[in-house]
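Here's the structure we're looking at; comments come further down.
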C-alpha cells in the first residue's frame, strides 16, 4: 500500500496567505486584500444554486462571532444579485470609507437545506499616502460619514506608529495531520484558520482515512462505534460497542449532553455488549453521539435521511379563455413538503411572480393560481419535488363578443324621445356611444344606461341638431354597431276634416312576413303608432280571442297616438298570429303579425363512447328532441376524469357533427363526457354523463402458439398471453381456422375464451388446416398469432402406457373405515379401454368404484373393510397393445387382546408374567405389548412396561405386603387393542425382615465474610428531586452496614434514610442540592472480614428562564 504523505504547511504572515482553488458550492471566493484608509472596498462571493433545493443563505462574520448583518448601514453595505440563466447568486459586501478598526479576519458562510460551505479572508488597512496628523484631536473621531454623531469612536489613530520592519520569516514545515490527530474535534476550525487551510472538509476526510489505517488500541473498548451511521426518517437504529469489562458502567452522550433512558432512547447491556437504540428517528436525531467508559470515549455521527417527496395526484391540463382564473393543483405524499413551480423552464416564486401568480398550500395539496389568464400565460407548467415531477399544458383563447340585438335606424319628430338600444353576449362588456365619430357625453337631455347585456342611448326633446350617424363601440373588441337618426320636421296645417285611422308598424326586428322573434323568458314590448282623427279605437286579437287591456301577463297599453302590445316572460304558448284593428268614423285599418318564441335547445341524448384508442376516444350522440325553434349551430364537448369535480372544455368553436374524437387522453384512466347543444339563442344544459370509458390500445399478439393434441375431428391448441397487454387487459381469445391455401377464416368459438387453450371441434378428417389466435379487449382485436405450418387432422396411434405414481409402487396401507381414492394416469391413442381386476378376477365388488377418463383411471372405496385387501390390477388396451399395473392394498385395524395371561412366578418384589398372542392381529404384524398393574386395594392401573416384543415379562419394584392384578394390551400399527387381556391369577408379595441404617446428619457451615453481589452505580440527578442509590450484600453472621459521603460517615441526618431489606441496601436522599454531589460509599463488616463499594453522584441545578435572561 502506498504510504500517506504528510501535508506540509508553511507558516507565513496572514497577509501573504493564498487561498486554495474554489471547492464545494462556491464559484468564486472573496480574496484577502489591503484597503486604503478612507477609501471604499468591496468583496465578492459567487454561489452555484443549480443543485440546491432552495435559495442559499449567506452570512458575513468578522472575527469568530460578530455577525456583520446586524451592523448593516452606511459603513457596511450588502448586495445580492441572481442570474436566472446560470443560476448563480452573487453576494457583495462593501466597507464604506475604511477605518483602522476594519482590519482583521473575516469569514463568509453559505448554507442551504442540504449543503453548506465557508471560506475565510483577511483585511489589512494602510494609511493613505502623504497623510499627516498635526492635530491629535483629529485622530479622536468617529467612524462613518454622517457627521459628529455617526458611527463608533475610533481610537486606533492614537496608537503609536512604528515603522514596519522587514522581518525575515523562517519557513517552518509543519505536519498539520499530526496536529489534527492529537487535537479535539472542537479545535479543528481554529487550527485550519491558523495554518491557512481552506478546504477543511477534504482535510478531515483524509484524516479519517489515516485513522482507519492506524487504529489506536483501546483498553476500555473491544469494539468501538463506527465512524458514521445512516438511517431513514421514522426508522430505528442500533449503536453498539463492546467493552473489556462486562461490569463497567457506560454513559451515552448526544452533542455533549448525556442521554437518559426513555421510550425513544433504550439502553441494553448483554455481557460485554452495550447498545443504544434510537426509535422513530427524526431530524433532531441527526447529531454526534459518544459512548463514555471511564476516561475513554468512542465517537460517531448519525445521519437521518428524509424519504423523497413523491407526487400522488398529478397536474391536469387547462383550457380557458382570456381573463379567466386558472388553478393548477398537485398533491404530494407529505404535508409541509416544498414544491417548486416552473413555467417553460423558468422558476416561479413570490419574488418573481408578482400579482400575476399566487401560490397556495392546503395540507398535501399545492395550488398555483393564474389571475386573469392572457396569451402570455400559454405554456408548460411543472411542479417539482425531490422525488418526482408533474407537468400540464395551459391553452388560452381570446374572448368573442356576440351581438344579440343590433341598433336600428330611427326617424323622430321634434320634442320626441329617440332611443338607441343594443344587446351583446357579455354582461360585463362596456363601451362608448359616438355621434359622427365624436364620443357622446351624458347630460340632462342625453342619458346613457347599461343594464345586464343591454346598452341604451336615450335623447329627450329631439332637435334638428341631434340628427346624424350614431354608433356603439364595445371596449376591447374590434366591433362597432351603427345606426342613423333622422329628424322629421312636420308642418301642421289645420284642415277641418276627418282622417281615416292608420297603423304604422316599425319594421325593425321583424321579418318580411311581419314575424317577431322573442327569446323565451324575455319581455316583448311592441309599440305601434296609431294615427287618425278623431282618435281611433284599437283592438288586439290572437285568433278570435281579444287581448285584455291594462292587466295580465299578455296585455295592451294605449294612449292617444301609441298602442303597446306587451308579453311579460314569453312562453312557447304565446306563439301565434296576432292582429290589430283600428276604427274611427272616417274608416278602419288592420294589420297582422306573427310572434315566434325561441329558446335554448334541449341537451343531446344518448351520449356514448363507440371506440377507443391508446390516447383517444370517439364519442357519438343523438340530436336533441327540441332545437329551441332555431337551427342548431353545433355542439360543445367537455370531459373529466372519473371522480374529479373539474370538467375540461374540448372545443371553443362549435362542432357541427354528432361524432367527435377526443384526443390527448391518458391510457388506463377512466373518463366521462358530456355534450352541450348550441343554437342562435344560447347553450343548452349539459347532457347526461356518458358511461365511463378508458383510452386503451389493443394488446399484442399471443405468443408460443402450438398444437397440443390432434384427433380425427378435433385439434387442441395452447398458447401464452401477449407480451404487451396494456391497461385494458384481456377479455378473452378468438380462435379461427381455414384450409391450407384458402383465405376464408372461420371462427371456432362464439364467445371469447378466457383460458390459454382450446380444442377446435368438427374438423374434416384428413384435411390440412391452419389455425390462428387473436386476443380481444375493449379496444378491439390484436394482431393474430398464426401457426407456421398446417396441421393434418388425423389421430396418431400411441401405445398405451400406465404411469404409476411413486407412492403407489409399494403396498398401500389403509385403516378400516377410511376412504381410499387412487388415481393412475395413463396415455395412449385412440382412447385406451381400461379394466380392473382383483387377485386375477374381474372386479365386480359394488363397494369398490372405478372411473375412467381420457388420461387416467380412478379406484375409490368410500369405507374400507378388511375384505378389500388384495392385489388390484389395471389393464389398458389400444387395439392389440396392452399395458397393466398392480396395486397392493392392505386394510388394517386394531388387534384383539392377548390370551391366557397369568402370573407365572413371584419372588421378592418381582413377578413374572406370561401370555399368548391375540387371535386377531388386525391384519398386520403385532409390534409389541403394554403391561399395566393394579393394587387390589385401590384398583388404580399404572403402566409398567411398554412396547414389549416378547409374550412375557418381569415386573419389578412391587410393594411388599400388597396383592397385584395385571392386564396386557396388544399393539400394531393402528395402536393398542381396545380390550386388554387380564391375568387369570394375582401376585402376592410377602413381607421379609428388612433393616435401614440412616447415615448421621452433618450440619453445614454457612458462615462467610461480607461480599457485595450488586455494586453501587454512578448517578446523575436534577436538584430538588428525591433520589436513591442501592446495592446488595451477603454475609454470615449479619454484617454491620456503614454509609459514607466523601469518606465521612453519614450520621443521623434527617436528609438521608438508610434501609436494609434482606441484604438489599438503599440510601434515600431527600431533595438533593448542589452540595449533595460527591462520592458515596457503603462498607459491610462482620467477624470474618469486610467489603466496600462506592459510586459518584452528580447533581445538576436547573436555572430558571428569568435567571438565564438576566445573565
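Just so you know, glycine gets a Cβ as well, placed from its N, Cα and C.
What TrEMBL says about a protein is an automatic prediction, not a curated fact.
Here the structure is a predicted model, which means the values were calculated and not measured.
These features come from TrEMBL:
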type   : residues  : note
DOMAIN : 22-124    : domain 'Ig-like'
DOMAIN : 215-310   : domain 'Ig-like'
DOMAIN : 399-471   : domain 'Ig-like'
DOMAIN : 501-594   : domain 'Ig-like'
DOMAIN : 603-699   : domain 'Fibronectin type-III'
DOMAIN : 701-796   : domain 'Fibronectin type-III'
DOMAIN : 800-890   : domain 'Ig-like'
DOMAIN : 897-995   : domain 'Fibronectin type-III'
DOMAIN : 1010-1100 : domain 'Ig-like'
Could you give me the DSSP helix, strand and coil counts for the domain 'Ig-like' (215-310)?
3 helix, 49 strand, 44 coil
Check for me, if you would, whether the domain 'Ig-like' (1010-1100) reaches the domain 'Ig-like' (215-310) - at least 3 Cβ pairs under 8 Å, residues 6 or more apart in sequence.
yes
Which residue counts does DSSP give the domain 'Fibronectin type-III' (701-796) for helix, strand and coil?
0 helix, 45 strand, 51 coil
When the domain 'Ig-like' (22-124) is classified with DSSP, how many of its residues are helical, how many are strand and how many are coil?
7 helix, 57 strand, 39 coil
